[in-house]
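What Swiss-Prot says about this one:
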BINDING   Cys60, Cys62, Cys75, Cys78  Zn(2+) 1 binding site
BINDING   Asp450, Asp452, Asp454  Mg(2+) binding site
BINDING   Cys795, Cys869, Cys876, Cys879  Zn(2+) 2 binding site
Amino acid sequence: MFELNNFDAIQIGLASPEQIREWSRGEVKKPETINYRTLKPEKDGLFCERIFGPMKDWECHCGKYKRVRYKGIVCDRCGVEVTKAKVRRERMGHIELAAPVSHIWYFKGIPSRMGLLMDMSPRALEKVLYFASYIVIDPKETPLLKKQLLNEKEYREAVDKYGDDSFVAGMGAEAIQELLGEIDLVAGAKELKEDLKQSTGQKRVRIIRRLEVVESFAKSGNDPKWMIINVIPVIPPDLRPMVQLDGGRFATSDLNDLYRRVINRNNRLKKLLDLGAPDIIVRNEKRMLQEAVDALIDNGRRGRPVTGPGNRPLKSLSDMLKGKQGRFRQNLLGKRVDYSGRSVIVVGPELKMYQCGLPKEMALELFKPFVMKKLVQDGVAHNIKSAKRMVERVLPQVWDVLEEVITDHPVLLNRAPTLHRLGIQAFQPVLVEGRAIKLHPLACTAYNADFDGDQMAVHVPLSVEAQAEARFLMLAAGNILKPSDGKPVCVPTQDMVLGSYYLTMDRTGAKGEGMTFSNKDEAVMAYESKYIDIHAQINVRVYKEIDGVLKSGIIKTTVGKLIFNESIPQDLGFVNREDEKEKFNLEIDFLVTKKSLGKVIDQSYMLHGPTKTSIMLDNIKALGYHYSSIGAVTVAASDMIVPPVKYDLLHEADETIDKIEKMYKRGFISEDERYERVIEKWTKTTEEVADALMDSLDKFNPIYMMADSGARGSKSQIKQLAGMRGLMASPSGKILELPIRASFREGLDVLEYFISTHGARKGNADTALKTADSGYLTRRLVDVCQDVIVREEDCGTDDGIYVSEIKEGSEVIEELKERLIGRYTAEDIVNPNSGDIIVAKNEYMDPVIADKVVSAGIKKVKIRSAFTCDCKVGVCAKCYGMNMATAKKIDIGEAVGIIAAQSIGEPGTQLTMRTFHTGGVAGSDITQGLPRVEELFEARKPKGLAIVSEIHGNVRIEETKKKRAVFVMGADGEECSYDIPFGSRLKVSDGDYIEAGDEITEGSVNPHDIMNIKGVDGARRYLLSEVQKVYRLQGVDINDKHLEVVVKQMTRKVKVLESGDTELLPGTMIDIFDFQGANAKVREFGGEEAKGEQSLLGITKAALATDSFLSAASFQETTRVLTEAAIKGKVDPLIGLKENVIIGKLIPAGTGMMRYRGLNLNTKNEKIEDNETEIVE
């Protein structure tokens, strides 16, 4: 049997008039919609029941047939078929036009397809279509030229001169249709190919464009005449509804207005033609019909848009598809779903990591069908109907059944904005009183949630498969690591950190110091009986099983540390157990801060896996909350002690500033130097004040404890509270040289307060803009990477890339070890000292092996990379390496493209927006933060361009009064000279040796220049390290592989330069594998291969250049993408994720991949019996 959703590809094309008539159930002849008295549709109107089907289920228009039993009968009185009203969503009608009109997409798009095909300019075409000029269709014997334009006067003169029937000229779409019908596509393509060989410059570009359109029509089987419309399809009435409002008025979709205008003008034109009206009147009516159809298809594309009440432009068919509110993004890519709810969240410190609290009434509504089924199964209710009644009346026995139903049925919690995949996680629900969802405190970081009124949505996975996926892949206890860098995301925060810090502190001279206890329990008992203090240094005998023998030893520790270590595995590697002295020590024998907790979790995950780690995390959470309550840390004004040394430091700074001012006034230093020295001095003074403050604070000072543990606040905030606020930035981003001397404890004066608010407002405005920009960047990244999925185990390539540490100046931004962990080698790695092979080729490098490689002194390693992967679509598991979220090798079917896009986009909001101004020097305003990342991914020419050397060689600098020039002398004697513009800073000095592609002046490099000089590999390396620099400077870690995936997608296309004997067109962009395939075909027959160069496309261009027209159309420029796809008759192979979501199939990733499709799931009750239960409408 043919299944509707079982297809492999989807094709788009132009519709012929015959096809449109075939779709239609009848012709719409009248502009009427609904009779205002009877509220029934008018016959032959836009809502006609005869054409589109009945308004009410199983009921004809006149009421002769009512009820299901007449199903399928066509009423003999009113001609309406008795069927479901739902058919009004699918049945189409049509309008027969009295005169053909052109389709605005093909005439007006850029480039104009109609214009290219006929070799006419769009302006000339417009004159003909809108009845301003005649066009010669057949000159016959006259000296007129074919396709020559004649205005009214010239036409009259020609008719007078040559006679009435001596030539044929026409106007409007009819004339164009006739000319389009005469075009011979095959001959035209041949002729254009001949011309292409001789032409150059602009002419060549135009020929290539024309050839592309001609070949598209020839190959796709579209007839050029179909760009002119004779029949207009009318979409089903329920997709353009008309609803009655309270006051008896009607609200209608804009499309009805647009259709009405078309029908009115069409009918008027028919009348005029029947009456044989004068030519000029008919022509005017035809022009108006053309404009009405234009407005229906794409309102506002040409001339002023048709407006409705209140001067609002009407939404045309094109607008229905476009933009965020269009069909693609609103209804196809994201739908509202049943079995979901939302509520405010509150903290649930008593929950386990895999649990969430679900309000009772919400749970009952969400699990209603399950509860009803269970009630019937248990015999509490006799049938579904009575079960439904029980649930609706909320009888007491319903709650017991609900408890049973939700055990082992995970739910998904989601918080908007979902910036990465941890924004949706699965939890085991626990019923709670009240109306708020309870969330585990450790899940907050992943969701970026807090409890100041945030809301979250709950979704119920229905099928057994969905439940299994939620339980195994999405349970919060398993998502401990961040997919972007593989570090733990569930690190305890705030109170939990403070409690752990308090617990592991020690205080000299505390009560009971130096006492000795026979075991842990005795020590804890002494603490609980208030004999000793929790922070006192004591001696305890601890017992350990070593090689099956119980041994003991005395260690020096505190009760707090003993309690803390009870919940921590004692083999995490923080203590060297081989050492006799350390054999019995506690694993965590240091002061625990947020940072060290991260390391503890990391180690635990690597050694014990997620399950044990999540148990440990729950224990740390419980301890943290308990002991931060016992510690009772508070904050008071008296805790902020201003260091007495501050005033001396300020006085000393003032004196230095005076000296600098004097030097400047005497002309020893320039304005820039003075400014920089003043800023430097104040920065240093502020630091000194802050250091003095930190030294003077007691270790048990609550503010110090909070900052030091990482629970809340930081050194810089304490500096502002009790030290001095220091330098502030002005809204332009320039640092003001007037520092704020006071701290908040002392209080700011009016000027200081004003200066500090000045810069702060800029920060707030930036944050608001940043969110939108960052979201848009994520959307483009997702679009360009969405079809990158791990498709196979090993692509078998021998290629790879060399990696070494990334440096910015002398500072190491990313270490080599970090770049090696979780990657496969592309060649044997040999120890340079001993000559032994450390790692063989194609081997996996875990942290231990990576350590070995780095400690052998190797600086450069060749690894497998997504860049060099030979997979036709997606990447292979070996080129990708480790899955950052699980710290294991990646599985086939993982959607690594989406993960990469999310990993880069999610921290986007943390990046800065501003351009830093370093003084007033030209050319040194380098873009940083989010704009810089965008500039790189869009492969734009950057602001503040650096001059780049094109050859290897030695530098010679020449300075004259007028200009500076740099000469690079190559090895083969060739010399390149570069003029240095005023104000640029040189990066090289006289006599330096530089490589091709190195910067001569400071600034950013245009990635396209690097592509030309160093090739694709150089450009890829440059983009990767530049993006890494931006993120690392903001303290964000992103693994290289995510950037590799994106940059790979940017360099996938080849620009064809010469076509050789292939079918490729010069100047077109084509996928690199298609290019190689076309050449391989030609090679078999010994023909001439095509030549091309790899291109670097920005992410927007790369996303639009995808093979899938559905994916591209749902991204941006919808009409342009669909116009092109229709003319080419494109076939969408449905390879990526978006296109499959759009047509409603399972996505080809994860368990949706073909290789996993056949799996059968067994639930606990071995056999699933599908008892047919009656469904109550």
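Note: Cβ is positioned from N, Cα and C throughout, glycine not excepted.
For the Mg(2+) site, the Cβ centre of Asp450, Asp452, Asp454 serves as reference, and the other residues of the chain with Cβ at most 8 Å from it are Ile345, Ala449, Phe451, Gly453. Rounded to a whole number, the C-alpha distance linking Asp454 (Mg(2+) binding site) with Cys869 (Zn(2+) 2 binding site) is 43 angstrom. When Cβ neighbours within 10 Å are tallied across all protein chains shown, the highest count among the binding-site residues Cys62, Cys879 belongs to Cys879. The least crowded of the binding-site residues Cys60, Cys78, Cys795, Cys869, Cys876, judged by other CB atoms within 10 A of its own CB, is Cys78. Cβ neighbour density within 10 Å is lowest for Asp450 among the binding-site residues Asp450, Asp454. The Cβ neighbour count for Asp452 (Mg(2+) binding site), using a 10 Å radius and every protein chain shown, is 5. Taking all protein chains in view, 20 other C-beta atoms sit within 10 angstroms of the C-beta of Cys75 (Zn(2+) 1 binding site). Residue pair Cys876 (Zn(2+) 2 binding site) / Asp450 (Mg(2+) binding site) shows a Cα separation of 39 Å. Rounded to a whole number, the distance between the Cα atoms of Asp452 (Mg(2+) binding site) and Cys795 (Zn(2+) 2 binding site) is 50 Å.
With respect to their backbone Cα atoms, Cys60 (Zn(2+) 1 binding site) and Cys869 (Zn(2+) 2 binding site) stand 63 Å from each other. For Asp452 (Mg(2+) binding site), the nearest of the binding-site residues by C-alpha distance turns out to be Cys879; the candidates were Cys62, Cys75, Cys78, Cys869, Cys879. Taking the centre of the Cβ atoms of Cys60, Cys62, Cys75, Cys78 as the Zn(2+) 1 site, the nearby residues of that chain (Cβ within 8 Å, site residues left out) are His61, Gly63, Lys64, Tyr65, Asp76, Arg77, Gly79, Val80. Reduced to three states, the DSSP call for Cys75 (Zn(2+) 1 binding site) is coil.
Taking the mean position of the Cβ atoms of Cys795, Cys869, Cys876, Cys879 as the Zn(2+) 2 site, the remaining same-chain residues with a Cβ inside 8 Å of that point are Glu792, Asp794, Thr797, Arg864, Ala866, Thr868, Asp870, Cys871, Val875, Ala877, Lys878, Tyr880. When the Cα atoms are compared, Cys879 (Zn(2+) 2 binding site) and Asp450 (Mg(2+) binding site) turn out to be 39 Å apart.
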